[in-house]
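Q: Below is the structure I would like to discuss, written out as structure tokens.
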Amino acid sequence: MSAVIQNDLKEPLLPKEENQSAIQQSDSKNTSRIARFFGKYYLYTGIIVALCYGSHNFFMYVSVGQALELRMVFLIQIANLIFYFMYHSLAAIESKRKYGSYWSKSRSAYFKDDGSLNGFVLFIVIIRSLLQYVVQYVLYYILETSVRSGVSNSIVLSIYGTTTILSAIAFYFLFNEKLGVRHIIGIAAVTLSIILIANGRYEVEGNSISQNAGINEADRLSVLIPVALSLVNCCIFVINTLITRVIKVSRLSIFQYASDTQFLNSLIFSLQALFQQLYGEQYTLYEFTMVFLSSLFQVFGQILFSGSAAYGKGSLIQAMIMIQSPFQLLLEIIFLQLYPALMGVLGMIVCLLGTLFIILTKK
């Protein structure tokens, strides 16, 4: 295993007898147009991912603030489910046009060349989907406890910056992915911005989201609760990044990986939403619209993240994604009139400067 990591860095976790075949598939994939695109522009697509995730978190924050109920999270995966069926329908049509059949075992990413089921790929896809299911539940409770603590959700989610450090450590040990001094300085700047933003505070009385939810001083929770939940999601994000890097040696395309790894949790959440609509409290048009918009941003972000993490440097991608916190903060200022303390503004500036530093010093 260690020899494979040292020599090729492409197949650290697959059984030895599959290494050569998988490496050949990886070499072929790396010559594709999509691989070249993400390999060249992964820093910029990482920024777009951050903007999508920031928008996703903002719309969810507003939605949960209107109704502190778990049922709101059930709608979050509808766009993912739609994307899954759209992708596979178009792929089937394209397969019929090129090969005369809608599907073939020999072309499926879930079967090996000898026709046997590729248990590794299936296992990875299921695990990734289940992890995303957990992430959405944790995110809901981060949003709810943020509202109940009277602290801006963008400030709390800035704790996601810890993922950058954890990813750098994980990629160093597993993939021997080294970072230059300039990159380390850039990541340090982003990390510093997280510390500054986390020390910013809103006035509780001025938080319209908390006021709309009926939160008063006596009901306030400790800010440590949403912070701790954010750290839980950080650990899951690191695992997801590692999975994305490992799975690139399979025949799964970027789009199929993005759709398939969301199918299981999307189906479960959508069934829960349907059950809620039929037998529980029905969703209003406003609730559905806000969460659906959040879901659309999430899907687009996940697609770009899959390509960026697979063909770019994982730790740097995580640094780019940290822009989501100051971007969400900006949305809160513009649309909710929630103004941060000076420390929050300084954190936003440092985050943007750190991100630009990483891009401009890219070798």
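Backbone N, Cα and C define each Cβ position, glycine as well.
According to TrEMBL, the protein has these features:
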type	residues	note
TRANSMEM	41-62	transmembrane segment
TRANSMEM	74-94	transmembrane segment
TRANSMEM	115-135	transmembrane segment
TRANSMEM	155-175	transmembrane segment
TRANSMEM	184-202	transmembrane segment
TRANSMEM	222-243	transmembrane segment
TRANSMEM	285-305	transmembrane segment
TRANSMEM	341-360	transmembrane segment
Q: Under 8 angstroms, Cβ to Cβ: which one of 41-62, 74-94, 155-175, 222-243 has the largest number of such pairs with the transmembrane segment (115-135)?
A: 222-243
Q: Against which stretches of its own chain does the transmembrane segment (285-305) lie, if we need a Cβ under 8 Å and a gap of at least six residues from its ends?
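A: Here the qualifying positions are 45-46, 48-49, 52-53, 55-60, 62-63, 66-67, 72, 75-80, 83, 244, 254-255, 258, 262, 317, 321.
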Q: Checking distant contacts: for the transmembrane segment (74-94), what same-chain residues at least six beyond its ends satisfy Cβ-Cβ under 8 A?
A: 60, 102-103, 136, 255-256, 258-260, 262-263, 265-267, 269-270, 272-273, 276, 283, 287-288, 291-292, 294-296, 298-299, 302
